[in-house]
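Trainee: Pasting a structure below so you can have a look.
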Amino acid sequence: MGLLSKLLWLACLNIFLFRMAESAVHYYDFVLREKNFTRLCSTKSMLVVNDSFPGPVIRVHKGDTVFVNVHNEGYYGVTIHWHGVKQPRNPWSDGPEYITQCPIEPGTNFTYEVIFSTEEGTLWWHAHSNWTRSSVHGAIVIYPKEGTTTPYPKPDGEEIFILGSWYVGNINALVLEDLKTGASAPESDSYVINGQPGDFLPCSQDSTHRWVVDFGKTYLVRVINAAMNADLFFAIAKHNITVVGVDGSYVKPIVNDFIVISPGQTMNLLLTANQSLGQYYAVARQYDTDQSFFNGFDDTNATAILMYSGNYTAPDVPLFPSNIPAYTDNNAAYKFIGRLRSLASKEYPVNVPLNITTRMLITISMNYLPCPNASCAGIDGNMIASSLSNMSFVNPTTDVLLAYYRNLSGIYTPDFPNWPESFFNFTADDLPLNTTIPTQGTRVKMLDYNEEVEITFQGTAVLKIPQNHPMHMHGYSFYVVGSGFGNFNNETDPKNFNLVDPPEVNSVEVPKDGWVTIRFKANNPGVWFWHCHFERHLDWGMNTVMIVKNGGTPETSIRPPPTYMPPCRPPPSLAWPKDFDDSHEVRNEYERK
Ligand SMILES: *[C@@H]1O[C@H](CO)[C@@H](O)[C@H](O)[C@H]1NC(C)=O
Ligand SMILES: *[C@@H]1O[C@H](CO)[C@@H](O)[C@H](O)[C@H]1NC(C)=O
Ligand SMILES: *[C@@H]1O[C@H](CO)[C@@H](O)[C@H](O)[C@H]1NC(C)=O
Ligand SMILES: *[C@@H]1O[C@H](CO)[C@@H](O)[C@H](O)[C@H]1NC(C)=O
Ligand SMILES: *[C@@H]1O[C@H](CO)[C@@H](O)[C@H](O)[C@H]1NC(C)=O
Ligand SMILES: *[C@@H]1O[C@H](CO)[C@@H](O)[C@H](O)[C@H]1NC(C)=O
Ligand SMILES: *[C@@H]1O[C@H](CO)[C@@H](O)[C@H](O)[C@H]1NC(C)=O
Ligand SMILES: *[C@@H]1O[C@H](CO)[C@@H](O)[C@H](O)[C@H]1NC(C)=O
Ligand SMILES: *[C@@H]1O[C@H](CO)[C@@H](O)[C@H](O)[C@H]1NC(C)=O
Ligand SMILES: *[C@@H]1O[C@H](CO)[C@@H](O)[C@H](O)[C@H]1NC(C)=O
Ligand SMILES: *[C@@H]1O[C@H](CO)[C@@H](O)[C@H](O)[C@H]1NC(C)=O
Ligand SMILES: *[C@@H]1O[C@H](CO)[C@@H](O)[C@H](O)[C@H]1NC(C)=O
Ligand SMILES: [Cu+2]
């Protein structure tokens with residue numbers, strides 16, 4: 001080879017390598033429209049993206065950017081959130097309504113710029129207004145950058161399982177009614193896997209989701225919990241799985257015969273199809289920690305079928321997983337959750353903050369707000385509520401981000417406290433009445449750029465309804481450094497923190513009558529929502545906002561807003577389309593009994 005051709009060849013190689021490392025830009029159009037769906041022997045119209053439930057899959061490589069133009073052809077305002085995508089410096093496209101934007105009104109469109117950075121694995125997108133996320137959601141698949149690989153051998157195939165909640169009837173209408181009267185929110189009528197209830201539910205056997213596998217192959221299974229109000233157990237008969245990723249980060253492999261997955265969470269599992277040729281149920285069902293005096297929970301077994309390809313005589317009935325835990329098996333759940341660890345390797349290092357500058361303790365409670373003459377439909381004639389550090393969050397009518405960016409006053413107050421007002425035995429059985437009524441407000445926590453933050457979430461037994469709370473943070477992932485039962489002891493418990501290989505996640509289960517401690521570095525300036533991912537708790541005020549200030553340079557500051565943001569206007573009063581199915585009214589009366 002002559003020198004010239006050698007140089008030319010080198011130049012080409014350089015361009016090639018540069019291309020490989022370069023991040024791509026993708027464009028998607030999402031059309032939101034009402035469509036009729038029939039499940040559980042009953043038809044209803046609901047809002048979906050591009051006529052499909054679940055909606056379209058977004059596929060990217062690590063570090064890519066996606067522009068999603070969302071066209072609202074429905075009849076009410078909607079926003080979309082890119083769950084677990086950190087969106088560096090770009091809260092404008094994060095999505096939670098009245099936090100970072102106002103709803104995209106019917107007949108209008110809004111383009112989200114979704115910026116991927118460190119995420120790799122599986123995340124998802126969902127509506128972040130009212131309860132619309134029950135029908136408006138879909139998967140986000142993030143492959144490694146081209147030229148790099150996953151920390152496990154390349155699987156032979158992939159499958160996505162989106163676990164969701166199905167409601168007979170118009171769920172937004174039912175919830176608005178309950179919020180007005182102060183009643184508890186409706187329970188789902190069944191869980192679904194990829195939109196289907198499966199063989200054990202009425203009128204569902206013909207549409208059960210089927211996944212065909214080849215004997216001997218290993219598959220990557222991406223599981224997303226898109227259910228509205230439930231932690232779920234998920235298992236596949238006879239097939240152990242290996243958990244290799246959670247929330248768009250890798251974890252040390254965990255071999256188990258089931259998983260527990262909280263709403264908002266995503267998990268990547270490896271499954272080897274090496275059992276006898278046949279059919280096996282994949283089952284999702286509730287893991288319930290809320291033994292409250294409200295009605296029961298949704299006890300349905302949602303199923304899909306793993307089916308081996310080939311010519312064989314299958315048993316008439318697929319095998320049901322013998323290993324899926326019972327509905328209230330806390331031991332099984334916490335044992336599994338406690339096994340999650342980061343890879344913490346040379347290739348996938350951890351970076352746990354060690355020099356904490358802000359420490360917080362946030363209590364998580366169920367509450368009520370008193371109603372005159374016990375006129376509400378919640379607990380003892382009161383209105384059901386919930387809180388963080390006894391503050392029940394109230395959504396403003398102009399989004400917090402706009403108010404912060406434009407310095408508008410009267411929208412929020414920057415005084416969310418580092419400690420609850422009063423300390424009491426948070427997990428005691430008989431708490432005094434004065435712990436039950438929260439204060440209401442739009443209080444946000446202000447943080448300086450690059451602060452190293454430690455937050456302990458402390459569950460409480462207020463109202464005698466302690467339960468798990470899957471706390472989710474926007475704009476960040478964080479390390480879960482500790483967790484335990486009872487009251488957090490700030491002298492002894494930190495001694496057991498895992499600062500070596502704690503899991504890095506965007507949501508964490510605060511155990512019933514227990515606590516969890518997380519750490520993160522506040523290096524993403526913006527306005528970021530923090531909330532329980534049980535939708536009803538979110539509605540009742542179990543949330544707050546964190547504002548991370550700019551760092552003083554353009555590269556450490558919030559980006560300027562896009563030229564168009566949906567305007568903030570009071571929502572018009574809703575006229576639901578004429579109902580052609582009354583069955584949910586019967587159901588709802590039953591719920592209130
Ligand atoms: C959604 O539908 C629109 C219009 O029919 C189409 O242009 C767009 O490509 C679809 N988007 C996806 C993600 O399939
Ligand atoms: C759904 O079905 C009902 C009853 O057949 C019909 O009136 C309605 O227009 C349909 N809605 C949509 C969005 O197709
Ligand atoms: C999208 O909205 C912009 C205004 O923000 C408008 O100019 C444009 O015509 C809309 N596009 C479509 C396809 O509706
Ligand atoms: C969403 O909630 C707001 C505030 O409660 C309400 O004004 C609006 O009508 C609701 N929209 C839907 C579709 O339920
Ligand atoms: C499946 O997982 C369970 C629970 O971790 C374990 O006890 C069992 O040995 C595993 N089975 C196989 C074949 O790996
Ligand atoms: C099936 O594959 C798993 C994962 O590789 C392995 O642990 C297990 O022993 C295999 N079982 C059989 C029956 O070959
Ligand atoms: C779900 O499956 C379990 C078997 O593990 C069964 O005991 C239970 O009754 C089923 N639930 C319903 C609602 O059918
Ligand atoms: C499947 O196997 C049976 C029994 O060995 C045979 O009769 C049949 O032709 C086979 N079918 C196909 C599609 O190969
Ligand atoms: C810890 O943080 C403080 C306050 O930001 C700073 O002054 C100090 O230098 C830091 N120490 C280390 C070891 O990084
Ligand atoms: C708090 O309440 C729990 C449950 O009643 C009890 O076991 C514990 O001893 C109490 N702790 C303190 C410090 O009183
Ligand atoms: C409740 O009342 C008791 C006794 O009056 C008081 O000591 C305690 O601080 C109060 N707790 C709260 C949360 O206000
Ligand atoms: C531990 O908690 C107590 C309140 O229970 C508080 O007064 C004290 O400052 C805390 N100590 C540390 C090191 O945070
Ligand atoms: Cu909660």
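From the backbone N, Cα and C atoms, a Cβ is placed for every residue, glycine too.
What TrEMBL records for this protein is below:
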SIGNAL    1-23  signal peptide
DOMAIN    33-146  domain 'Plastocyanin-like'
DOMAIN    160-311  domain 'Plastocyanin-like'
DOMAIN    429-550  domain 'Plastocyanin-like'
COMPBIAS  559-574  compositional bias 'Pro residues'
COMPBIAS  578-593  compositional bias 'Basic and acidic residues'
Trainee: Report, as numbers and ranges, which residues of the same chain sit near the compositional bias 'Pro residues' (559-574): CB under 8 Å and 6 or more residues beyond its ends.
Mentor: 75-77, 79, 89-90, 92-93, 101-105, 108, 110-111, 113, 176, 397-399, 402, 405
Trainee: Per DSSP, what is the helix/strand/coil residue tally across the compositional bias 'Pro residues' (559-574)?
Mentor: 0 helix, 0 strand, 16 coil
Trainee: Considering every residue in the domain 'Plastocyanin-like' (33-146), what is the mean pLDDT value?
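Mentor: For the domain 'Plastocyanin-like' (33-146), the model's average pLDDT rounds to 98.
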Trainee: By DSSP assignment, list the helix, strand and coil residue numbers for the domain 'Plastocyanin-like' (33-146), in that order.
Mentor: 6 helix, 57 strand, 51 coil
Trainee: Helix, strand, coil: count each for the residues of the domain 'Plastocyanin-like' (429-550), based on DSSP.
Mentor: 15 helix, 56 strand, 51 coil
